[in-house]
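**Q** Mind having a look at this structure? Questions to follow.
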Amino acid sequence: MQTGGVKPPREEVQQRLLELLAEQSRRVPIAVGCLLVVVALMAGQRMPAWIPSIWLVAAIAVLLVRRDWLGKLPSQVEVPTRDRVRTAIALSFTNGCVHGLMLAAFPVLPDAERSFVTLLVLGLCTGAVGTTAGHRRIYLAYLLPAAGSLPIWWLINPGGPTAGWTELSLSVLSALYLWLLVGVADNAWRNFSESVQIRFQDREMAVQLREALAQAQQANQAKTRFLAAASHDLRQPLHTIGLLVAALSLRPIEGRDREVVDLLSQVTVALSEQLDQLLDISKLDAGVVEPDRKIVDLGEMLRMHHAEMRAAIEEKGLRAVLDAPTGVRCWTDPALVLRVLRNLTENAIKFTQEGHIALRLRIEDGVGVVTVEDTGRGIPPEEQVMVFEEFYQVDNPERDRAKGLGLGLSIVRRLCTLLGIALELRSVEGQGTSMVLKVPLETLGALAPVPAQGAGKQDFAGLTVLVIDDERSVRMGMRVLLEELGCRFIEACTIEEATREATRTRPDVILADMRLRNGDTGIAAIHSIVAAVGSTPAVLISGDTAADRLQEANRAGIKLLHKPVSLPILQAELGRILNEKGPRHEPAARS
């Protein structure tokens, strides 16, 4: 597969060859020029000086012209590569011819100087293997005219006696050496070509990798947009259903009607929990979850979690084991750690049919090591990495909704990364699984209490609540529920209507949908009301889980609840507002 912008291998090799020739042509002239001067001086003592002088001028001129032309070849991309290589061959041949002319001095040179010239010519031919990368045509274009006649000169031994054993040996040895150089050049060219092709393949793979990464990022963004849109569209009707079911649950109904309401409530809660997992992923990816770190007793936290989960463990016929000494202090966010423990324990309960589920704590190398251990089926080695990926579930090809969405461990991994907790999976197929958390410890400071779950009931009679939502069904459901709680209900669907109603009624609380019609937002509506009537406690309610929406609400500093809002959450939030002495959104309104 060829990728745009990457040359085919053959052209890539030839282009790199031209670059090498240009680079070497800038280095060679000085050293070779000095050697040529020595030869010219040597020959000038044995023949008229003008002959070696002309030869020397011609040789240096060829060196300089060759350097200039070879230096330009790599950048002449408008010229076909084949033609540029031919130019390099012609320059190499010209250079070889000039260097070969020094052998014409053989008849007038004594044996010692002949040997020097022989070594010089063979040395130049040896060096040419590197300067030409062993390219056969370019190398032979230099080798044959420069040294091809060398064995013949030694064989005929001009100007001396008939060639003897020494001259014959030098002739044969020089011929063998030249033949050897051709083989070395071939090997050098093969290695050069392979190295360039490897670089080409690496570059091509890098381009393909970047393209694949871009496609993966696009697919991930598309998945995120789809999940956000699907989550929003599902949360809207589910929110309305939840409000109506909550309102029904507050009424004094008995018998079969109560069973139906309870079943509807259970289904609504189950769907809400699955959507909340999508929301948790979005929040963590958006970076809007900020740990509230404090010093807590890790052992006490495990004991509290054990008490919370014990009934669910024993209900499945399993033994609940706790081995957690108190007094082990850590610096972390207790609420998020409890969330991690809850996800791990619920996962263990789901996949364990007999035996036990244990919570253990020990100190190891200055780190609190928490283990959630089960005696379930275990996880095959090839699946132990994939279980932390979104939507991946072991042994659930039919996507049984009762087994969840496969997001629990993905959330755990993200939370552990956020908290700086090392997460380790240890599992043996058929024997069970242990999830190990390594929590940094803290030795100094005062202990903070572990957050308690749940909230007490409060009286909301007479509380005026302004609900801003562009969905009529949501406003109707909220009206039914709030009136069941004893609240006074005021509704609006636009910023203008909300500001007008707030000016008229002076609400105690504002519950605003995050996304209104015509591009308006609940944040803008709250700011408009604050500007008109002053500080008013406000809460955003949204079915939108897109990262930019989460970040927008986080920057505004207004509490955000996600649809569907359950009755306990709504009661807890209204109770919090009643108990607070100051508004939470006023700073955001001034920004």
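Positions of Cβ are set from backbone N, Cα and C atoms, glycine also.
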**Q** For the record in TrEMBL, which of the ranges 115-132, 259-276, 331-348, 529-546 is the transmembrane segment one?
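**A** That would be 115-132, the stretch labelled transmembrane segment in TrEMBL.
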**Q** By a Cβ-Cβ criterion of under 8 Å, what residues six or more beyond either terminus of the transmembrane segment (87-109) are in contact with it?
**A** 17-18, 21, 36, 39, 42-43, 46-47, 52, 55, 58-59, 62-63, 65-66, 69-70, 73, 117, 120-121, 124, 132, 137-139, 141-150, 153, 158-159
**Q** For the transmembrane segment (26-43), which stretch among 49-66, 115-132, 139-156 has the most Cβ pairs under 8 A?
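**A** Comparing 49-66, 115-132, 139-156 against the transmembrane segment (26-43), the winner is 49-66.
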**Q** When you scan the chain for residues with a C-beta under 8 Å from the transmembrane segment (115-132), skipping those not six or more beyond its ends, what do you find?
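**A** Counting only partners 6 or more residues beyond its ends, the transmembrane segment (115-132) has Cβ contacts under 8 Å with 20-21, 24-25, 28, 32, 35, 39, 42, 92, 99-100, 102-103, 105-106, 109, 138-139, 142-143, 146-147, 150, 154, 170, 174, 177-178, 181, 184-185, 188.
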**Q** Give the sequence-ordered list of residues that share a chain with Asp513 (4-aspartylphosphate), lie 6 or more positions from it, and have CB atoms under 8 Å from its CB.
**A** Ile468, Asp469, Asp470, Glu471, Val474, Gly522, Leu540, Ile541, Ser542
**Q** What three-state secondary structure does DSSP assign to Asp513 (4-aspartylphosphate)?
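**A** Note: Asp513 (4-aspartylphosphate) is in a strand by DSSP.
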